[in-house]
Amino acid sequence: MEKEKMIDAVEKRRTFAIISHPDAGKTTITEQLLLFGGVVRKAGTVKAKKSGSFAKSDWMEIEKKRGISVTSSVMQFDYAGKRINILDTPGHEDFSEDTYRTLMAVDSAVMVIDSAKGIEPQTKKLFQVCKMRGIPIFTFINKLDRDGREPLDLVTELEEVLNIQAYPMNWPIGMGKGLKGIYDIFNKRIELYRREDKDESFVKLDDSGEIIGEHPLKEESIYQQVLGEIELLKDAGNHFDAAKISQGKLTPVFFGSALTNFGVKTFLDAYLQFAPAPHEHRTNDDDIVKPVDDVFSGFVFKIQANMNPNHRDRIAFVRICSGKFERGMDVTLARGNKKIRLSNSTQFMADTRETLNSAVAGDIIGLYDTGNFQIGDTIYSGKKTIQFEKLPQFTPEIFVKVTAKNVMKQKSFHKGIDQLVQEGAIQLYQSYSTGDYILGAVGQLQFEVFQFRMLNEYHSEVVMTPMGKKIARWIKPEQLDEKMSTSRNLLVKDRQEQPLFLFENEFSERWFQDKYPEVKLTAKL
Ligand code: G4P
């Protein structure tokens, strides 16, 4: 019985992330989805968080100032018999590493595209990560209430730029001021756009795809035009294929307007029909862990400190891969084979954090952490060791030298650096020759956040000396001779004491390789 209940619970889970370029409408659509789930009572709650009135911690100041979302949070709600977990992702490209890792914790992705802009750089990058993982991708082309590009043009661009097949589930009838509705190919109906009256209004189609009986829309030239476009799609477009969707080879495309809540419910209903339940995970030993296995297992994909300034807490976000999580359970941390009791856990909502007592595969739990966890850690119950494959790491590209302004305050400086580095957005190195601390990151903004947080959370004023762009290349310790280091290739060690060179540019890297052809340099550890 217990087992049946668990299987049933796992089957109901749908865990996804929304990917988009900033301003495409991710926040707005998230808010609408939460409304359907009854989590937020009125539109504006998520938005308000973004603009500051729901700010959970002082370091979100930096988000407020720049109007960007730096954190990624988790929202859970029930809808149509399913339990939905949405993982928010930071839109700013300097935080793409954070987003990439979040994508490792989901079973599908929703891609939001601005109909006036089409595929933008950030969407492309994030999409490639989804494609690499082979997870299903659902596309929502947003802002139909504004004048945008021709739908055919958008779908063609989607296929060409992202190299994926697209299948339009519906098709806009006009746009901007001329928006009449969407022609719903999948549900064989027309959904009318109503500006004032918010009630849904559907018109049925006959087998040939035309409106049954009399309707004013039939008189409109746009209606005839859309019928022509639908014919064209039928003849020349892709066929609907649920198997291809689940393999991430074909993306179903939906049109709508998140702001006016048009087409969002239609999207959500279809999404739930085709989005996968939690998937299996592979371990380092090449074992397969099934979501319904009895043994609990999960991995940490994100660590975030001090979400609540009153608690000074750190939270490790864990994706559950199998079994059932229960508060107070004992688990093993695979790294170091350490036993840990999970007594403090939390689940996330749009505007509250609630204590969580149990969760199953597909769910994300937040564990209050006192420094036990690192990104990529596996935890499991039971006797057999489970260690999931490593999460991808991104090689930092820009570097700064960092020191404490007040030499008397070394303790808080080290504590701060240690904790913030564990969160994974920045990497720490130490120079071989001088012992200087060097930070590496993918984007400049991460340094600013680091400096801000060091001051606000650890009361440590740091001085950062820019070192510019560098190429980080690891070298096998047995091949290392400290004399190899010059001013053009600074020798440093990472947190695992592994040596690497920071090359000034490609030229200096080539020069080095010419001089030491037997030395093998690698971009990642
Ligand atoms: P993001 O999270 O992807 O960055 O985008 P967000 O939802 O914040 O939306 C970006 C802007 O686009 C917002 O306007 C939002 O109101 C608008 N928007 C989102 N969906 C739609 C839509 O379907 N139609 C139209 N016309 N606009 C849409 P803003 O002016 O930047 O913010 P605000 O001042 O409205 O809060």
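Keep in mind that glycine also has a Cβ here, set from the backbone N, Cα and C atoms.
Look at TrEMBL and you will find 11-279 tagged as domain 'Tr-type G'.
The GTP binding site annotation in TrEMBL covers 20-27, 88-92, 142-145.
With a cut-off of 6 Å between Cβ and the nearest atom of ligand 1, the binding-site residues Ser20, Lys26, Leu144 reduce to Ser20, Lys26. Neighbour count (other Cβ atoms within 10 Å of the Cβ, all protein chains): 14 for Asp23 (GTP binding site). The Cβ of Ser20 (GTP binding site) has 23 other Cβ atoms within 10 Å, all protein chains considered.
Taken as a whole, the domain 'Tr-type G' (11-279) shows an average pLDDT of 85 in this prediction.
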